[in-house]
Ligand code: UT7
């Protein structure tokens, strides 16, 4: 059995910065509310017509990760792509990345799992590398939220939070079992599936034909819905549990953590976790202030920025943790 390790990271965000004040000119919200409740100051939105999609942003992040990994695109054995905002209903973006990067005909897998998507994707890549089946796996998390948000007062609790962007990692075989990804931990609780969801179009409750037939300008079924306070309460519990689970599995303590990179859902959630584990500001990486919640892209964007800022060093214990729609949650314990 091998371990896997991250050998290259990259991220891409669109140039278009949308501040809280920009939003308050378009909808019923204000900078004070957004900052106080979420910590977000600004986010990036793709300008319609600029050509960026979930796939193209993922490709841009992937190119940087591949270059930094010092490998060739033809060394990639498998692609895993996590998103809740794919370019097409089907096929998923994994194959579009294979095409756009001109990678040979390797397998491409699409992962849902929303805010936990990148953690799930890393876990999948890790298993393939552990068994020896693949040596280098490209893992991408990318989201284009801004084209699908309800910018009316009805949707403001959700639409001020989400932002666009992408992050990517190259996972590669590590023969030293004390290094790289030590363990991954995944969970789900589908009982709360609709508490953070986008119901339509779906083949279950709301078919495309229903939407067309109804032609209802007030239809909210195709906008994301979140029961914010309920999600928040579950998030703080599950984040804590899954971090503890990962540490215990490796006989580690929270004092061993050099850097925690939490999914950027809400600065208040990160601060709660920081306090619970008695971590310093330097031990928790947050960039939600600049990008909002970019769902499956948030951890790879944050991890890339942390690495670029020299906050991830050889030998460090790095913990990734996420919670989101599904509900799904998970953690990754890494000896860098
Ligand atoms: O990434 C996946 C996981 N996601 C999370 O973990 C997010 C968890 N939840 C949260 O972060 C918070 O619940 C939110 C930031 C989404 C919302 O904060 P909240 O403190 O739970 O606010 P709320 O939804 O209870 O709304 C409080 C008030 C309401 O007004 P009333 O009824 O008290 O008069 C809302 O209408 O704030 C109002 N409100 C807003 N006001 C200005 C809601 N959204 C906005 C807004 N601007 N954007």
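Just so it is clear, glycine is given a Cβ too, placed from its N, Cα and C backbone atoms.
Look at TrEMBL and you will find 109-190 tagged as domain 'Beta-ketoacyl-[acyl-carrier-protein] synthase III N-terminal'.
The Cβ of residue 115 (active site) has 32 neighbouring Cβ atoms from other residues within 10 Å, across all protein chains displayed. In three-state terms derived from DSSP, residue 115 (active site) belongs to a helical segment. Residues or ranges marked as active site by TrEMBL: 115 (among others).
What TrEMBL lists as domain 'Beta-ketoacyl-[acyl-carrier-protein] synthase III C-terminal' is 247-336. Summed and averaged per residue, pLDDT over the domain 'Beta-ketoacyl-[acyl-carrier-protein] synthase III C-terminal' (247-336) gives 98.
The active site annotation in TrEMBL covers 263 (among others). For residue 263 (active site), the Cβ neighbour count at a 10 Å cut-off comes to 32, with all displayed protein chains included. Following the DSSP three-state reduction, the secondary structure of residue 263 (active site) is coil.
Sequence-distant contacts of the region 'ACP-binding' (264-268) (same chain, at least 6 residues past either end, Cβ-Cβ under 8 Å): 37-40, 115, 161, 232, 235, 286-289, 291-294, 298-299, 301-302, 323-324. The region 'ACP-binding' feature in TrEMBL is assigned to 264-268.
In the three-state DSSP scheme, residue 293 (active site) falls into the strand class. Among the features that TrEMBL reports, active site is placed at 293 (among others).
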Please report the distance from the Cα of residue 263 (active site) to the Cα of residue 115 (active site), rounded to the nearest angstrom. 7
DSSP says what for the domain 'Beta-ketoacyl-[acyl-carrier-protein] synthase III N-terminal' (109-190): how many helix, strand, coil residues? 28 helix, 31 strand, 23 coil
About how far apart, in whole Å, are the alpha carbons (Cα) of residue 293 (active site) and residue 115 (active site)? 9
